[in-house]
Amino acid sequence: MAATSGIRWARKEDERWAAAFTLRLVTEFHPPKGLVDQVLSEVHETVTGTGRLAKDLFGEPRAYAARVAADRIDETHTSGRNLQGATPGEQFTGALAMAGLGALVLSVMRWARDGMWTQVSPALLAGAAVLTVGVLAGCLTGALRTAGRVRAARVCASAAVAAVVAAIAALSALPHSGLFALPMPVPVAISAAVMAGAHLLPDATADRWFVRRRSKDSAQWMRHLDGQLRGAHGIPAHQAREHVAEARSHLASAPELTAPGEFGDAEAYAAGLAGGPCRTRRALRRKAQAAVLFAVAVAVANLDALRSAEVTSLWFWSGALAISLGLGYAAVQYRNSRHQR
């Protein structure tokens, strides 16, 4: 007998089915806490009572996960969350922690290559400074988009792209002669502090930095609905405008009504409009887009290693491996998004 999520399965086939179902439900649909265990308990009870395989009773794990998500995950859970199931604060702290981890890995690798002290050149100093600004702008982009602040997210995304271009230009054009020697424990400590700070920062506190105050004004409610549909839920702009136009048309028929009074919370209303099978396709598409951006960031971060290190050195091949993994991850996510269509 084998255990899955605290449940002991009599057959390996059922255990593998339960593991595949759990993986699909958690990674693709981000269920509320306790739903996975509840569904698996129901499946286990049925399987035990009938003596049949879970696959025969409930079908393929992926298809059953989609049915469970459609039937048992409603807008009260998805309200205020993006397609990955994160709130604005969770999106920001998660991205910041990943950025700190990436910087920590690069710092440790440079420490292993150069020893305790490393020479900082004008190219490295300017490139690292500009890239840091770009990474922070990228972290803000995801949080602002999740909060439905699409215009601010676009500004931050543009700033992140401009920072990447500026970092590449700095690494290519500025001199590589040493300005001063830097003890490697300094960037290692800073990177670790960023990662730890992001982990310790309460998500609720970070949420308050990005989420708008709720308003009784119908015009502001409509703008927030549009931002939630396009930002948090990834609905195309023309479809979001159609939903907003329908809401406006309904209010126009009764001038005494207000949007908050008639439709309730904008985030919950947007979550209801954005539900259904198309949500999974949008989630996979957005994950593929994020994977491409991640691959670009990894390539830029390792550009200096590929340019300056010897082809036979560990530093060169570490950078090449990181870039290859980033590109491979992007290719897998793109394939998944295409397959879902």
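Each residue, glycine too, has its Cβ placed from N, Cα and C.
Annotation source TrEMBL lists transmembrane segment at 92-112, 124-143, 155-174, 186-206, 290-308, 314-332.
No contact links the transmembrane segment (155-174) to the transmembrane segment (186-206), because fewer than 3 Cβ pairs that are 6 or more residues apart lie under 8 A.
The transmembrane segment (124-143) and the transmembrane segment (290-308) are in contact, since at least 3 Cβ pairs between them lie under 8 Å (pairs 6 or more apart in sequence).
Residues 86, 118, 135-136, 138-140, 142-143, 184-185, 187-188, 190-199, 201, 203, 206, 209-210, 297-298, 301, 314-315, 318 of the same chain lie 6 or more positions beyond the ends of the transmembrane segment (92-112) yet place their CB under 8 Å from a CB of it. Remote same-chain partners of the transmembrane segment (186-206), defined as residues 6 or more beyond its termini with a Cβ less than 8 Å from a stretch Cβ, comprise 87-90, 92-94, 96-97, 99-101, 103-104, 107-108, 110-111, 143.
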